[in-house]
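Student: To start, I am sharing the structure in question, which I have written as structure tokens.
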Amino acid sequence: MFQIPEFEPSEQEDSSSAERGLGPSPAGDGPSGSGKHHRQAPGLLWDASHQQEQPTSSSHHGGAGAVEIRSRHSSYPAGTEDDEGMGEEPSPFRGRSRSAPPNLWAAQRYGRELRRMSDEFVDSFKKGLPRPKSAGTATQMRQSSSWTRVFQSWWDRNLGRGSSAPSQ
């Protein structure tokens with residue numbers, strides 16, 4: 001669950017330029033508050049004065065207009081950053097919006113799963129397991145069809161010799 005921390009006005013003014021990605025605050029390094037390394041969701045263009053006017057926007061709108069605070073480098077769905085215990089260092093790059101289409105999140109999960117399975121497959125050969133012979137099997141199947149043709153042509157020739165009617 002994300003909560004909106006309450007800031008003191010001086011802390012909020014110091015961190016407003018850092019939240020927008022404009023570099024370090026002009027006042028220098030003050031006490032490390034939770035607002036120094038967090039920012040609003042990138043899709044919401046609210047400034048600090050708007051937050052002061054409506055500090056409890058989630059209770060007025062039933063949660064629909066709630067401001068979500070997350071770290072700058074986070075591009076994962078809710079809960080992954082806190083669970084993994086990642087550092088709270090700000091990144092120079094802006095994180096992906098949480099309003100990205102669900103297909104994107106599904107594609108990323110699918111891609112990670114495929115990558116994991118591929119890595120397991122490659123690692124299995126390092127453990128001494130034999131390589132699969134799927135390419136050889138495909139070659140044998142093609143050869144068996146050509147052997148069938150050879151056998152049929154031989155059969156046709158032999159039947160043609162034994163019978164009075166010429167073959168072909």
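Glycine residues also receive a Cβ, built from the backbone N, Cα and C atoms like all the rest.
In case it helps, Swiss-Prot gives these features for our protein:
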MOD_RES   MET1  N-acetylmethionine
MOD_RES   SER25  phosphoserine
COMPBIAS  49-60  compositional bias 'Polar residues'
MOD_RES   SER75  phosphoserine
MOD_RES   SER91  phosphoserine
MOD_RES   ARG94  asymmetric dimethylarginine
MOD_RES   ARG96  asymmetric dimethylarginine
MOD_RES   SER97  phosphoserine
MOD_RES   SER99  phosphoserine
MOD_RES   SER99  phosphoserine
MOTIF     110-124  motif 'BH3'
MOD_RES   SER118  phosphoserine
MOD_RES   SER134  phosphoserine
COMPBIAS  136-145  compositional bias 'Polar residues'
Student: Please count the residues of the motif 'BH3' (110-124) that DSSP assigns to helix (H, G, I), strand (E, B) and coil.
Tutor: 15 helix, 0 strand, 0 coil
Student: Using DSSP with the three-state reduction, classify SER91 (phosphoserine) as helix, strand or coil.
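Tutor: The residue in question, SER91 (phosphoserine), is coil (DSSP, three-state).
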Student: Report, in whole Å, the straight Cα-to-Cα distance of SER99 (phosphoserine) from SER118 (phosphoserine).
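Tutor: Answer for this pair: 30 Å between alpha carbons.
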Student: Using a 10 Å cut-off, grab the number of neighbouring Cβ atoms around the Cβ of SER118 (phosphoserine), all chains included.
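Tutor: 10, counting other Cβ atoms within 10 Å of SER118 (phosphoserine).
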Student: Write down the Cα-Cα distance for SER91 (phosphoserine) and SER99 (phosphoserine), rounded and given in Å.
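Tutor: Cα to Cα, SER99 (phosphoserine) and SER91 (phosphoserine) are separated by 20 Å.
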